[in-house]
Structure formats: structure tokens, C-alpha cells
Amino acid sequence: MVKKRQADSRDHDCSTDSGNEDLHHRKGLGSPGQSDGATPTTASCQHIKKAVDAARLRRLLKSTGLLYECSQCQKLGKTAGSAAGAGASEGAVGPGGNPVTFEFDNTLWLCLKCGSQLCGRARHKHALEHYQTPHSDSHALAMNTRSFDIWCYECDMKICSNLRKNLLECVELVKKLAQKPPTSTVTPSTPTISYIEEKLKAALEHLTPIVPMTGGSFDDSSSRGSLAAAGGGGGVGSSRNRQVAIPMPPPEPSSGLSTSDSLTSVPGMAKRIDQYSATTNGNTGNKRLLTLETPRIENERLPRVRGLTNLGNTCFFNAVMQCLAQTPFLLSVLKELSEPGEEFILPGGTFTIKDKGDIELPMIKGTLSSWGGLTAALANALEELQAGGSVFTPRKLFDRLCVKCPQFTGGDQHDAHELLRQLLESVRNEDLKRYQRVILQNLGYKDQDVNSVSEEMRQKCKIYGNQAGDRILRPEQVFRGFLVSTLTCQDCHNVSSRHEYFLDMSLPVAVEKPQPPQRRKPSPELSLTSSSSSVTPSTGQPTINTKFTDGSVNFTASSPSFFLHAHEAASLGPSKSQVKKEKERQRKAKRAAKKRQKSSLNLNGNDSGNGNELAESVDQDDASLASLGAGDGQANDGLEQTNGQTEDSTTSSVTTSEHSDADVEDNLVEDTAAPSTNNVPSSTASLTAPSKTYMDSNGNAQPPGEKRDDTPEHMDKDSLEEDENDSGIATSPAPTATNSSTSTSATGNNNSVAGSGLSGSSGALEDPLAPASLVTAGLSEKGASVIRQVSVGAEQGASNGTEDADGEAKAIEQPEKTPSQAQAMAQAQARTKRVRTQSYSDWSTTIAPRYQCEDGECSVQSCLNNFTAVELMTGQNKVGCDSCTQRINGSDPKAKSVNTNATKQLLVSSPPAVLILHLKRFQLGPRCIFRKLTRPVSYPNLLDIAAFCGSKVKNLPNIDRKQKKLLYALYGVVEHSGGMYGGHYTAYVKVRPKVAPGDKRWKFLPHGSKAELDQDDDQLKKLEELLAKEKAREQHLKVLDDSDDFSNSSSNSSTSDESQTPATPLEEQQTQQAQQPQQPQQLEEAANVRAPPGKWYYVSDSRVQEVSEDTALKAQAYLLFYERIY
């Protein structure tokens, strides 16, 4: 027997139609919208045998079919409009506390005995009255003609259709009839004159906000009053010859009342009077009233959201369709596929085929056919939803989707994100098949047998198919974006990038990015007993295992213990020698901490007098750092007792987290600071590197992984100091030429330090006054250059001379300069030495500063920040490095790939026109139990993703080169309420005006293929030159030969060891003239961007209610739909 799962008492928000019979007598067991998983059902019902007549039902339904309206309601003259008014007058309250004004669907209940189809309790309870009417037989069972639920009035419970065979036959019969269009029982009567007059009056009242009327009111009484006033009480003849008098405008509102108060009166008449007064009053009042009235009229012209019929637990489908119906560009793009005859070209090229060598594939030109069945059904459904009206039944689209994705059949609950992905992928595959037909026809594959095709032909088909798949197909233009994955090897520092497209981004719901498990660092008092102590069962005496888990310090050769922490009840105390050594270690740790703090504050290096003393102190500090970084405080003893280990305490015990200059675009190469820093050993840079926080300009403690200003983010911005010391993995990139020359120019007393810094990549050390060190201390590159100038002047003024590594004395010019003058000189020198280079590392920088997360923040921005953070790939996640493989194994093609530690980072390389964010709320918890994360995640109305986009995004044609923001506006939210095994999907959508054909937002749609992002450096340079020429032509400026970027060099910069091309003063002057008027204009344009106006609606299947924007921003979001507006 299979053990039944106990229903969760919290999971009640399942999806059924809004007209269910279980609205009555729920006895506290759930809400009216429960489904099979949570609605109380009975295992057996004794009324099934007497209350079901399948044969009679089949005969009746064959002639009448399923009805659309209740026959009793039609006889009594109760229409759907009166029902909706009655429902609204009952005082139902929806989200946000607003009264519910939704549309009732026409769900009917079919009596399984006589076949009558009547309305349920949600409307006029005719089905219940039919049961309560005395009959000679039982009429206790009724079936919902939309959701196919069966209800027993006698048991007051929901009945499972699988209990009896006759019940199952009835359900199958009704399901077949439900695919046909419903019929009406009563033919509409001939329209009367009064009915026509009421329709005309309603239409004219609806048009009054658009066309101001000058003939008075449509009310008969008001018309007669106007005639009497005009005729002075005259008779009929006078009323015929005289026109209707125009009513006097109302008095202007007092100064205490706002204009919005005067405009929010009775709909129709009040607006007509306001518009009339706007045309008769002064010019100032005209402009003000018309300006305020225009957006209100535009919003009122927007169609109301159309509800969707629940086809049986299809709330997941309905919620997604409501958001897709409000998606811009989608319907227009899909309609372009309806007409056949579109031409395309596949480039072909030279490719290597197995056992055939290199072959040349010709270019293919072809003509595409029209769209497929699923694409046509989707376009039809979207058009119906955008047109507005009553409840729409998307049966055709859902059936088409179920044919391609059978998992959605059966009426079970499914995931809304899964449905969205399957729907978009199915539409994409249909479009791709149009290309595949042309490819097969060109290769002569159409008339051949599949099994008889050669391997060469299969390879050709695959190559052409991949070229077609790399194209941005028509349905993907709306949602498709690109992510770039950048891998940096920690051994050879080789950087590689790979682009991959996405239709939506799945973000984990977490405050911080999950890091590898770290060992808890014990306090110094417990470090002596940090080895696991246990009591042997035989002797009862405690035994001590002094093997530590840091990987380098082994006190004894005993087996490693499972426990990493000491027991508090350890009875064995430390010896005197151990206490003495512990005190000595504490003193060394305090001295090292003081020296680190002192060296980080004294950036000008005035206290570096004697090289021998400094090297000695550095050795001691490194040893103390190693003792602290080992994790257990026992490093010194380990250094004395390790067998067969020789290590240099200066180089290999400490891993620096220096920042390289290779990951920026326009780097400032400063040569003036080098002479003044030669007498400062480069190993002192490691003292300032492992700081966990820094103080920004506002005095806030920030982690070193986040950016402070407009400078680009560094590759190792996570800076896992604890993991570095534990694993011995260096996170610093390879030293550049500047760092190497600084290390070799150190004094003779520190030759061993400089040599060790050059020998190993993990021990690469840099100058404390180098740009990366100053940036690590919390300064921007501009501020770092100013401090370098000031420190150089101060040091030179104190010593009156500095000796180079070669012993040459250099003359010193020491004019007094203010910080502003020093900054201006640094900028002038930077402009003359700016050079544009291209490298993979440009993808590791962002076009805007990194987002600063607050403590405990859980928002979409924090989720994106964690998604784009640098990951350390180590242990089981090591990455195969081609450079290391070639260096170690040579050019042997059969050599095994060498796996190394690496860092990985994901950034957006091409932003989509419509961004879909999926919050991963359903996760696998402890003990392999699925759970739902109900933690609130805040999301803004305007989202800026510039902090998560790579700097090469500026090369795209739909992004301005000086753009610092990429703004998206929210227009759709899919919310899930309930638990893991039972819930309900609803949607919040914003109805907005359609995008005009000439709107600039059309350029946000991508064109081309993925290969455009994977161009070689030469192709990229050519592309940049073309872009630079185009912009220079618009600005009437000359073209710079090196195709330099006109943006500020403090944002994204990079260094290069290649020859540098200095810019002429004339070019610099032209660049400044081009920058000055445009930079404020660009910022002002970004600040004035607003979300498109519109109305927010809450939609739950067929239930539609207008809500405020604040209500939509407080939902428990599962899917977020954003449209790009800037």
C-alpha cells in the first residue's frame, strides 16, 4: 500500500475557477479557491448511484450542448451586468482594501440526473434552488462545466470523479463538449426603441470626455429645463425655433482645493465642464487644466484587463499570459512571422569535419515559410487579451502547448516559470524549423532516407543548423539577452570569456552569496585545546589528538579527528612551555596588528628608514600573519616541528590580495611616482591588502569587494582572505611591468624579498603607493594620483634627493602645489598617456559602480549583486586551463587537461529589451525536502542594471557610449501564494499605451547573432573606429586615430605594455569641448526618465480588480517583468 501524504493545513490557495460551489459551508477548512490537494473530499458517496444518469445526460447534451448562460437567469431578466453589480454591492474587499469590481465568468453547474445547466452560488444560486426543489428522484450531484468538479449537495463535499465509472464517463463527455463553442438557450428578443435609446445614450455619455458637447445634458429633465430657461416659459413653438442654451460653467475652485480634487468628481459631466472651462478661461488656466487632463484621458482610454477562464488548475498559465499580453513589441514581432517570403542568408565558411579535413561550405540563401500553429495561437490569444472585453477562454493555445509539452495535461498544478520557458522555447523551435526546412532542401536531404544519410551530410546539416540557431530569431528579439562568463586562472592568470544567451535570469533568494564552508577560528584561549580530545573506552583516560586541519601544521602523526573544535569540558590543561609560547604568539600578533595599522595610515612611507630593520620586521610580520591565517594559532610550533618542509616566511606564508591594473580600459600610466618609491620595499604592500573593511568618504565601513566610486570593480572583489590563507590560493593577477620594475628596483638589503616576489605568481608584491594599493585603501584613482603627488613632494622635501636602484641621483623640483593643482597636473599627464586596448578583462569591469548592499538587505538589486559576484572555483570545481595545459604538457593534443583554481564572474554583455527575473523560491532544503522560501524580496518600479553590465556593452549600437544608466520599468508581477504542494498564481499587470512605430524604444530590440559579441580584437577595433567616426561626424569633430573613447578615464581603464600613442593638444581640446556640454546633458536626460503612465490591475483567473502601484510593489513576487526605457 502507498502511504497517503497528509495535507498541509497552510496550503489552501490552490487554483480553481471563481464560480466554484465550494464557496458555501467550508467549515473553516480553506478558502473558496481550493483545489484537489486542499479541498475536503469524500472517499465515498452513497448518493452517486441514485443521482447520476449517464445515458440520459448523453442524450440531452447531444442535442443542447453546453450552455453559455443560465436559462433561469434569462427568463427572469437577470443579465451578467446585474450580477456583476450585485456582486460588487455585496461589499467584497480585494487586495489593498479596495472594493472588488470584477467580471463574473459564466460558469454553470450541470445536474447529473436531469441535465439542467444553472448558475451557482456566486450568482443567483439557481443550481442550489434546483436541488432544493422536491423531486421524485435525487438531484444531489452537479458538475462544474468549466473546471469539471463534482459537488454533492447532500454530503456538502467535493466528490472525486474516479470513484465510479459512471462519474468518469460524465466527466469525459463534458470535456469533449467543452471544446465546442457554447450555445445559448434563449434567442435574443427583438430590440425595442427604448433599448436602442439607452444604448445610444450610454455611447454618447462614454464619448463626452473625448468630444466636449455644447448642447447641454442628455438627461430629459435637464433638457426640458434648459428649453424653459431659453424660451422664458414659452410653448412648443418657441422651443422648436430656439436652440438649447449652453449651461453656465461652475465657479472656479478655491485656492485651498487642488486641481486634482476638482477633477475627481462624477465621471463624464465633470470632465466635460472642466474641459469647457479650460477653453473659455484665461491662457494660463487653459494650459494648466489641459496639461493635467491629458494623461487622465489617456489612462481612461486604456482598455480594461480581460479575465481568463480557468481550464482546470491553469492559474499558472493564466498569470503568465496576463504578463505576456502587456509585454511590448511581442505581438508586433510575432505578426511579422505570419507572412511567408522572408529571405535570409547563412554565411557558411571553412570547417573541419572528422575524417574529411577542412571543407568549404557554400553560402545558403533561402526564403522562409509562415509561422507554425503554436505561434499563430499565441498571437491570436495576445490580440484577444489586448482588445479587452469579457472573460476569454484560451483553450486553443493551451491545447497547442499541451501537444508539444504533455506534462501540462491532466489538470495538475505546475510551475509558472516552467510554463514560461516551455512556451518561449516551443515558439523558438517552431521558428527554427523554418530555417531547417530550407537547409535540408538546399543540401538535397529532403527526399532521402534518414538512415541512409552519410556522416558528412549530417555534419554539414549540424553546422548550418548551428549558424541558424546562433541568429537572434524573431520571437527571441523581445526577451533575449547575453551573459558573459569570465574565467581567470589563478596559476597563469590567463583570462577567457564565453557568451551565452538567456531569456530570463534566475536569481537565488539569499542575503549573501553562499561561500565554501569555513573552519571556525577559535579564540587564543582555546587554541591550545583546539585539538579534539576524547576518552578511550578501555582506560577511561583522555587522549589528545594534536593534528590540525590547516594542511601545513602537524604536531603529531596521529589520525585526523572528525571534530574541529575542542570540548569545553576538557580536563587536560596546557603545560608551562605551551603557556609561554602562547603568550609570545599573542605579543607578536599584537605587534603585527599595530604595524599593519601604522603602515596603512602612513601611505607616504616616511617611517621606512633602515632597510635591514624593515626587512626584519616584515619577516616577523609575515610569520605572525601566517600564524593568524592558519586558523588555529599554532603556526610557530608547526614551523619548528614540520618534517621535510622548507618555506620562506616572507613569500609563501602570506598570500597577497593585490589588485592588478589589467582589468580596466583606459589606464593612467604614471612614471613620476617610481623614483620616490624605490627605497620602500615592495613587500610592505601585503600589509595593507588583507584588510576586511575600509572607510569610504562617508565614514561607512564597507567590504573591500565593493566599489567605492566610478572606478571599475577589481577581479578579486570578494577577497576571501580566510580561504586564501587556508588553501594557499593566490587571488592576485600576474604582476604587470610596472610592478615588476618596482620590485627589481628595491634596495640591496631586500634582494631576497624582491626576488621572491618575482619568482612566484602567488607572491607578487607591489608598491604601497601604486594605484591598486591606494584604491584598496578606499581611494579612487584620482585621489590616489593626488596623494602620490603630495607624498612625493613631502618625501623629496625631507630628504632633498633620492637615489635610484642604479645609484643615480635625481634632481628634485619642489614647488608648492595645492591639491587642486596637483589633481589638474595628474589629469593632464593622464590624458597624454591614455591608450585604448582591447582585452577579455574589459568584460570584468562594469559601466557603473557596484551596488552597495545594506546589512540584511533582500532585494532584487542584492540578488543581482550576488549573481554577478566573483566566485572562487576550487576543489571539485577546478577549471581546465588551456594555457597551463600547453605550458605543462606541450603541444600534445592527447594530453590531459590541467585543472587549476580559477575565479568566475557573470556579467550582462547585452541587455534585453524585456528583462524577466525569476526568483528561485522553491528550493531543495535539508534532508532532501522541497520547500518554498517565503522571505519578502523588495523590487523597485525603476531598476538600473548598469552596475551589473560589462563595460564592453558600450560597443552595442543600442547603447550610448557615454551612458551610465540602463533603466527598466516594471509592468508585470506573477505572485504565488500558498505552499509547496498547493497554491495559487495571480498576476499584477500594468496597462500602458502601445509603443508607437516611431518610438526610440524599438532600437532596444537586438539584431544579428551571437558571433557579433565574439569578435577578434581587430574586428572590435574596426567596429569602434566606425562608431567613433559616426559620432564624430554628428558632433563635427575630427576622428582620433586610436579610436579612443571620449568618456572619462576614471570609469573604466586598462593598461597595456604595447606602444602608447599620445594625444595631441588639439585633439585633447576638441575632446574637452565635446565633453563639457554633453556630460550634464546626459545626466539630466537620465534623471528625467520616468516610467510609462498606466493603470495597475490585480488578476486572478477571471477576477479583475484595479489596484494602486504600492499594492503591486508589495506582492510576494515569483516572476518580474521589466521593459527597458533608457
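Glycine residues also receive a Cβ, built from the backbone N, Cα and C atoms like all the rest.
Per Swiss-Prot, the feature region 'Disordered' maps to 1-44 (among others).
Per Swiss-Prot, the feature zinc finger maps to 43-181; the stated evidence is sequence analysis.
H47 (Zn(2+) 1 binding site) carries neither a helix nor a strand DSSP state and counts as coil. Residues or ranges marked as Zn(2+) 1 binding site by Swiss-Prot: C45, H47, C152, C155.
Under the three-state DSSP scheme, C70 (Zn(2+) 2 binding site) falls in the coil class. For C70 (Zn(2+) 2 binding site), the count of additional Cβ atoms within 10 Å of its Cβ stands at 26 [all protein chains shown]. The annotation Zn(2+) 2 binding site is assigned in Swiss-Prot to C70, C73, C119, H126.
The region 'Disordered' annotation in Swiss-Prot covers 215-264 (among others).
Positions annotated as region 'Disordered' by Swiss-Prot: 513-547 (among others).
Residues or ranges marked as region 'Disordered' in Swiss-Prot: 570-762 (among others).
Taken from Swiss-Prot, the feature region 'Disordered' applies to 795-833 (among others).
What Swiss-Prot records for 1037-1089 (among others) is region 'Disordered'.
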C-alpha spacing of C152 (Zn(2+) 1 binding site) relative to C73 (Zn(2+) 2 binding site), in angstrom: 23
Candidate binding-site residues C45, H47, C152, C155, pick with smallest Cα gap to C70 (Zn(2+) 2 binding site): C152
Position of peak Cβ density within 10 Å, selected from the binding-site residues H47, H126: H126
Local Cβ density at C119 (Zn(2+) 2 binding site) - other Cβ atoms counted within 10 Å: 25
Protein Cβ atoms within 10 Å of C152 (Zn(2+) 1 binding site), excluding its own: 22
Cβ-based isolation winner (fewest other Cβ atoms within 10 Å) among the binding-site residues C45, C73, C155: C155
Inter-residue C-alpha distance, C152 (Zn(2+) 1 binding site) and H126 (Zn(2+) 2 binding site) (nearest angstrom): 15
Model confidence over the zinc finger (43-181), averaged pLDDT: 77
